[in-house]
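Novice: Quick paste from Swiss-Prot:
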{"type": "MOD_RES", "residues": "2", "note": "N-acetylalanine"}
{"type": "MOD_RES", "residues": "6", "note": "N6-acetyllysine"}
{"type": "MOD_RES", "residues": "317", "note": "N6-acetyllysine"}
{"type": "REGION", "residues": "307-320", "note": "region 'Interaction with UBA3'"}
{"type": "SITE", "residues": "187", "note": "site 'Interaction with UBA3'"}
């Protein structure tokens, strides 16, 4: 019987448990997130992380609370003005090593570069967030982020009808569609129907699978001919056959290893296994060895089938064929894991059965995201010019907003303030900001043109942090933090820019 506390938790987090499961929720509840600066953006991020149940937070804000802060931050009151909030920042850089993720909001460029360097060397993920007028900006800095459960949209079913394993082939052969009672005929799973007619198709086409549109239409006609006829010669209403006809494309997908998985297999981290190798790469190496041996060039069977029209008995039997094969494949991968762990002097239990099963059932969807460091992005010789210049084919591309943010940071470095922070400064700052933009583009060798309209607009922003933009960015940032912590779904790589002017967004690898 389930414990009352567990039931309460399931009721409280029902929706999100459907997204990332118990193990994802456990990761969130054991996470420790550091938020630097409780600005409007920071507060929105915090709110969106508190609600899903993040375990603990540390907020670092060394600034005095001002009237502007009280207006931006709904956690502060007017009575807070003039009082200094608790300073949780320890000057020792190792202070940051305790956190699962660090989120930095509204930090100046010089501070960001120092912080990013510390976290990069400690391999602590950093998410930079910034609201500047009607512009939202996020940058993820993480050396390596492996994802087992990427949850791809429109994932293809793993049915193996083009390469049936022996147990599946034997199961298909147990059906004789030509000598069935009407009830059994109309309750045969569509996977079996397609497999039976595929065998007939092979015999007529020298084993060639239907590939072209015409071939697939001919194959559908072949299935259609198998629908039972009544005494008047009219086709019976057999929904399972109609379901088979609709699922021809799904069923005839080629069983192959995705290129993204091949890239993982060919990665140095997968080839060279040491005692320091993370569990993901040990599992990936074991998977690679399984493919080369027991899998005969194929990944482990996923072990799931879609819902379909069939009687319970037939459906469960078919489901069990796939499930048993999935268990058998997972056990084979597990043997490779055990041998690898032994070879590097690691305990067999250092990789759990749960991790193993999770990897095998998601073996076609593994992802590894590697972001560039902030130092590389800001380096004169390492800046990604190609990404910027190619994006500037459209003069209103969101990359322009990135260039403007770099320009206002240069303005801040030169003048000790952001452009247009006071109304009387807006006009005089236009020329100064344009000069900063020109200097930045020349220094980095970026031969692109930015419209004067953007310079004027950024001066009018006055470094304001409108709550509408902060709220949007807070939700988006919290989503990325959750992805990082749960290691589920795929984070963007590596820069995200939102334009409140056009209500569009884009990602760039900078």
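Every residue, even glycine, has its Cβ placed from backbone N, Cα and C.
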Novice: Treating G and I as helix alongside H, and B as strand alongside E, what does DSSP give for the region 'Interaction with UBA3' (307-320) in helix, strand and coil?
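Specialist: Across the region 'Interaction with UBA3' (307-320), DSSP assigns the residues as follows: 9 helix, 0 strand, 5 coil.
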Novice: Within 10 Å of its Cβ, which one of these recorded positions (187, 317) has the largest number of other Cβ atoms?
Specialist: 187
Novice: Provide, as an integer number of angstrom, the distance between the C-alpha atoms of residue 317 (N6-acetyllysine) and residue 187 (site 'Interaction with UBA3').
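Specialist: Approximately 13 Å lies between the Cα of residue 317 (N6-acetyllysine) and that of residue 187 (site 'Interaction with UBA3').
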